[in-house]
Amino acid sequence: MNSIVNFSQQLIQNFQEVSQRTAADSSNLKAFAYLGAGLAMIGVIGVGAGQGYAAGKACDAIARNPEAQKQVFRVLVIGTAISETSSIYALLVALILIFVG
């Protein structure tokens, strides 16, 4: 247990030293903000691929059973809206990092 406490204290100390060094150089801070924004937008790739896959499966389901079109479409729209929220949050984080950070 003592080693975990020592490790966490060393980790916090290292983070403080790094933050003090990077805060002294604002160009590094802006570069890290752009890097973080780019990394935040990587999550959007998975959302786009997942939505495309879901839309394809919905088209397959409607082609197999045209009478269930309304129910499949309703579930597709709800699922798309739910999965789109993560990409909107990623975009929001990226914009905050670029313009505020």
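Cβ coordinates are placed from backbone N, Cα and C, and glycine is handled just like the others.
For 31-51, 81-101, the entry in Swiss-Prot reads transmembrane segment. Annotation comment: Swiss-Prot describes Glu84 as site 'Reversibly protonated during proton transport'.
Beyond the ends of the transmembrane segment (31-51), by six or more residues, the same chain brings 22, 80, 83-84, 86-87, 90-91, 93-95, 97-98, 101 to within a C-beta distance below 8 angstroms of the stretch. Here Glu84 (site 'Reversibly protonated during proton transport') comes close to Val47, Gln51: these same-chain residues lie at least six apart in sequence, with C-beta atoms under 8 angstroms from its C-beta.
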